[in-house]
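First comes the structure, then the notes that go with it.
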Amino acid sequence: MSDTPRKLSLNKLSLKRDSAPEAPKLEERLHKVLAQAGLGSRRALEQRIADGLIKVNGAVAQTGMSVRSGDKIELDGRSFVASALTEPSRVLIYNKPEGEVTTREDPEGRPTVFESLPVLKGSRWIAIGRLDINTTGLLLLTTDGELANAMMHPSYEVEREYVVRVRAPEGEEKVSDAIIERLSRGVLLEDGGAKFDEIERIGGTDSHDWFRVVVKEGRNREVRRLWESQGCQVSRLKRSRYGKISLPRELLRGHSVEVAQDKVDALRAELKLEEGAPSALTLQPVIGQRRAAKSTVHVSRDGRSNAYVNGQTSGADEGRELRRFDNLREDRGRGGRGKPGGFKGGLTVSGEAAARQSQQRPFKQRGPAKGDRGALPDGNPAAFRSWYVPDGVSTGPSGHRNAGPSGPGTGQARPYAKKGPGGARPGTGGPVGARSGGPGRGAGGGQGQSQGQGQRKHPYGHPGNAPSFPSDHANPGFNPYGAARPAGRPSGGRPGPGGNRGPASANRGPGGPGGGARGPGGPGGAPRGPGGRPPGGGNRRPPGGGNRGR
């Protein structure tokens with residue numbers, strides 16, 4: 001073998017290739033390219049160009065200028081690149097319900113038709129004509145701006161068919177033939193003459209009539225204004241056909257269906273547009289562009305400060321963890337909001353940073369300059385009370401809230417009883433003998449205690465306005481209602497005529513025999529004495545008398 005090194009040919013290892021001839025770039029008017037992208041009508045876009053609101057390659061655009069593929073266009077803070085259409089046109093049929101507007105963004109927050117449409121990549125839906133918020137029916141949308149402009153332009157005379165329900169003018173039962181004739185010939189509206197190319201009565205009732213109408217223009221609310229010019233009121237309006245495309249019967253409201261590609265090609269041929277994919281420019285959004293970051297202003301004791309809240313990163317997931325710490329919690333000190341003594345808000349730190357902050361921020365000194373609060377009050381702060389003892393209830397050293405002297409013979413009146421002057425209770429008999437145990441009624445109306453009978457717990461039942469506490473049962477002290485009655489029957493009966501109850505009738509009511517209302521010195525009543533009351537009077541009823549049945 002020869003030791004001579006082999007020389008490699010550089011031509012064989014070259015990665016260069018013969019470049020193909022560059023295709024000529026498309027060039028179109030700027031307002032046409034913007035309309036092709038669905039950013040508005042050509043007339044409105046021309047006005048925006050004249051106002052200097054659009055830039056091309058960093059310079060303010062001029063009216064009538066052209067752009068080529070690859071140019072950068074800025075509009076409303078967004079950046080686009082002009083590029084040729086490579087996909088075929090698509091057309092969508094949407095059955096619009098009431099309550100939706102045909103705009104991309106509504107300042108009043110109403111729902112739009114674009115919220116219910118399929119999502120596109122690299123293009124956008126363009127509405128072919130508009131329907132107001134109360135009009136329903138067929139709405140066509142396309143990705144081809146040239147097709148949309150041709151179908152909307154009056155020079156192409158594309159038919160729009162509507163079904164309308166009309167109320168006759170006031171004082172008339174139905175829409176007259178004279179009104180139909182005038183609308184067929186044409187009437188003068190605010191923006192010029194208008195007419196129905198076709199009008200046909202298709203039904204009606206006693207209150208309204210149904211018509212089928214056809215127009216070849218797309219003015220704002222043209223169908224409604226034509227009927228209103230004759231004094232009629234439109235109560236229902238639905239579009240059923242646009243050109244050769246009709247609304248499918250099976251398509252529900254709020255739903256959409258895409259038109260077959262062969263029908264789209266036929267529609268373009270009918271409008272005398274070129275076949276295949278349209279050789280036109282459109283706008284593609286710049287990938288990865290950042291919108292203006294939203295910010296908020298925090299007003300604190302030190303003044304105003306801006307804070308980053310939520311920037312649009314066009315799908316950058318790695319920024320989520322960083323955005324979590326954008327909103328900082330403010331740790332307030334003892335001074336509170338708006339007080340000069342409080343600590344400043346910020347992050348909670350520890351370690352060396354906390355040590356440095358403690359050296360920079362000494363403790364607050366008390367004194368006249370800082371507003372000396374004075375010495376603390378003497379005594380136990382817990383001894384200050386924010387409640388008051390009700391009248392008639394005493395407090396004592398015992399654990400019960402109503403602690404006080406208890407036992408026989410206290411003779412304390414019921415705090416919830418109605419106090420009044422003592423007097424005689426009307427009745428027919430003499431005084432009843434003293435009860436067993438010896439309690440009697442004094443002149444003041446209060447019940448006394450004697451050594452023979454203990455206090456009752458609730459002799460009159462629990463009053464409606466009296467508080468009841470669990471401790472009243474757990475630790476009984478003084479009870480304003482009396483002590484509990486001893487268990488068992490009392491020793492001995494109640495002396496008096498007729499056994500335990502008086503013989504007289506005890507029907508309640510003023511003037512009743514043996515009864516009567518309370519009152520001092522009632523007629524026929526004996527004066528009440530200690531330990532007795534008139535027989536048969538008061539609240540006691542004799543057996544077999546009064547309201548008790550035999």
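Numbering starts at 1 and runs along the chain as it is shown here.
Just so you know, glycine gets a Cβ as well, placed from its N, Cα and C.
So that you can see what the record holds, here are the features copied from Swiss-Prot:
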DOMAIN    28-97  domain 'S4 RNA-binding'
ACT_SITE  Asp132  active site, nucleophile
REGION    294-550  region 'Disordered'
COMPBIAS  317-334  compositional bias 'Basic and acidic residues'
COMPBIAS  420-451  compositional bias 'Gly residues'
COMPBIAS  490-501  compositional bias 'Gly residues'
COMPBIAS  509-550  compositional bias 'Gly residues'
Intrachain C-beta neighbours of Asp132 (active site, nucleophile), sequence separation six or more, cut-off 8 angstroms: Val101, Thr102, Arg221
Stretch-averaged pLDDT - the domain 'S4 RNA-binding' (28-97): 87
For the domain 'S4 RNA-binding' (28-97), residues assigned helix / strand / coil by DSSP: 16 helix, 27 strand, 27 coil
